[in-house]
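Quick look at what TrEMBL lists:
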DOMAIN    A:10-191  domain 'Thiamine phosphate synthase/TenI'
BINDING   A:Gln40, A:Leu41, A:Arg42, A:Glu43, A:Lys44, A:Asn72, A:Ser111, A:Lys140  4-amino-2-methyl-5-(diphosphooxymethyl)pyrimidine binding site
BINDING   A:Asp73, A:Asp92  Mg(2+) binding site
Number of protein chains: 2
Amino acid sequence: MPKPIPDYSLYVITGESFSKGRSTEDVIRQAILGGATVIQLREKEYCGKELIRVGKLLRDMTREMGVTFIVNDRVDVAFAVDADGVHLGQDDLPIEVARQILGPDKIVGISAGNMDEVLAAQARGADYVGLGPVFATGTKSDAGEAVGLDLVKQVCARATIPVVGIGGIKANNAAQVIEAGAAGVSVITAVVSADDVTEAARQLRHQIDLAKGLKG
Amino acid sequence: MPKPIPDYSLYVITGESFSKGRSTEDVIRQAILGGATVIQLREKEYCGKELIRVGKLLRDMTREMGVTFIVNDRVDVAFAVDADGVHLGQDDLPIEVARQILGPDKIVGISAGNMDEVLAAQARGADYVGLGPVFATGTKSDAGEAVGLDLVKQVCARATIPVVGIGGIKANNAAQVIEAGAAGVSVITAVVSADDVTEAARQLRHQIDLAKGLKG
Ligand code: NI
C-alpha cells in the first residue's frame, strides 16, 4: 500500500520567538482549530530535551486533532516523538539518513530554492518539497531572494511530488500560490504572530480552499 | 559477545573555536599522534551538513588510526557517519532513543554532575559517564561548579561503568583524576588550544599512563 499523501493545504511552522509570549502549545492548538493541516516543529534554539518535551506535546495534540506532524532538521527528535516525518533543509542531514532512521512510511520533506533542488529532492525520494521563498520575507534570515510565482508554476508543472510554497505568504496572496499549482502554503508569522491565531488560520485556509475549488 | 570497552585514557573533544584557526581535521590528527584514545565531535554551531562533512573525515581518520569516535548530542549524525557512539548531555535526547537508533553495539555516554546522575545513567544502560567539571573551567559556560576529586573517588568506587573525568584537566592534574579511579580524562583546550597539539597530548597521555601504572 503506498503511503497516504497528507493534506498540505495549510502548513504551519512553529516560531516561539514570533508568538508574542504565548506558548507554542496554545498557539498551535489555535492554528489547528482555524484549519491548519500540517504542523512543523521548528525551534533552532531548543536543546534536545526541550525539542522532545514540546515535540511530545505537539505529537499528542496533532494526533488527537487529526493533523500531520513534522519535525524540522532533527531526524533523531522526529524518531523520538514518533512524528509523521521530518523536514530537511539543504544544509541538514541527507535524505537517505532520514529514510534509514525513520523507515519508508514516514514523510521526508526537503527545502528547495530552485528547479534543480526540487528535481534532486524528488530523485532522492523526497515526499514533498517546500519551495521558496515565494515572496520576500523577514522571518528566515538565510532564506535568500524571493523565487516568485513563475518558478512555483514551472516547478509545479514538472514535479511529481507535492510542492508547498513558503515565504511571505499571507491571506492576501495565498490563493496565487495555490493557483500556481502548489499543494499548500507554509507560514510562520502569518499565523503564529497574529493576535487572533484561529482567525488568521481560518482566513488563510478559506483562501486556499477557494483557490483549490477554482483550480478544478 | 559483550561489546568491547574502549580505552578511555585520553578522550579529546573537538573545539573549532579554541583551535586557533587550525582545522579540526589537522588538530585531531595531531592529537591522535600524541596519544588520544577517543575523539568526540562536538561543534554546537555546526549545521547538520557541516557535522556530516567533518564527522565523515574524523570517522575515516579515527578508523585508520585505531581510535574510538563519538559524536556529541546528535544521534542522527552519529548514525549517519557510523560513529562508534554518541555522547548525550542531561539536556539531550534520552538514552533509550539513542539505543533504538544506533542499536545495542554502539557506545552511549552520558554527562553527569553528581552521584544521582551517574547512577541514573548507569541504570538506564549508559556505557560510560563523563563526570564533571572536576576542576573549575572556562570552556563550557553551562558546566556548573567544580565537583572536585572527592566526588570522582566516590563515584568511581560505586559505578560499575567507566567514569571519564572532564573539566579543567591538564597535564599537571590529570594523574589525580586517574588516581581517583577514573578510566580516563576528557579535555578540549588542554589539547586543541596547545601550540604543539601532539606534544600536549603526549604529555597528558604520559601522566595518565604513569598514574594507571601506579594504581595497579
Ligand atoms: Ni540544520
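Placement of Cβ uses the backbone N, Cα and C atoms for every residue, glycine included.
Predicted automatically and left uncurated, TrEMBL annotations should be read as such.
Around the Cβ of A:Arg42 (4-amino-2-methyl-5-(diphosphooxymethyl)pyrimidine binding site), 20 further Cβ atoms fall within 10 Å across all displayed protein chains. According to DSSP, A:Lys44 (4-amino-2-methyl-5-(diphosphooxymethyl)pyrimidine binding site) sits in a coil region rather than a helix or strand. Counting every protein chain shown, the number of other Cβ atoms lying within 10 Å of the Cβ of A:Leu41 (4-amino-2-methyl-5-(diphosphooxymethyl)pyrimidine binding site) is 27. Less than 6 Å separates the Cβ from ligand 1 in the case of A:Asp73, drawn from the binding-site residues A:Leu41, A:Glu43, A:Lys44, A:Asn72, A:Asp73 in sequence order. Under the DSSP three-state reduction, A:Ser111 (4-amino-2-methyl-5-(diphosphooxymethyl)pyrimidine binding site) is assigned to strand. Secondary structure at A:Asn72 (4-amino-2-methyl-5-(diphosphooxymethyl)pyrimidine binding site), as computed by DSSP, is strand. Checking the binding-site residues A:Lys44, A:Asn72, A:Asp73, A:Asp92, A:Ser111 against chain B with a Cβ-Cβ cut-off under 8 Å leaves A:Asp73, A:Asp92.
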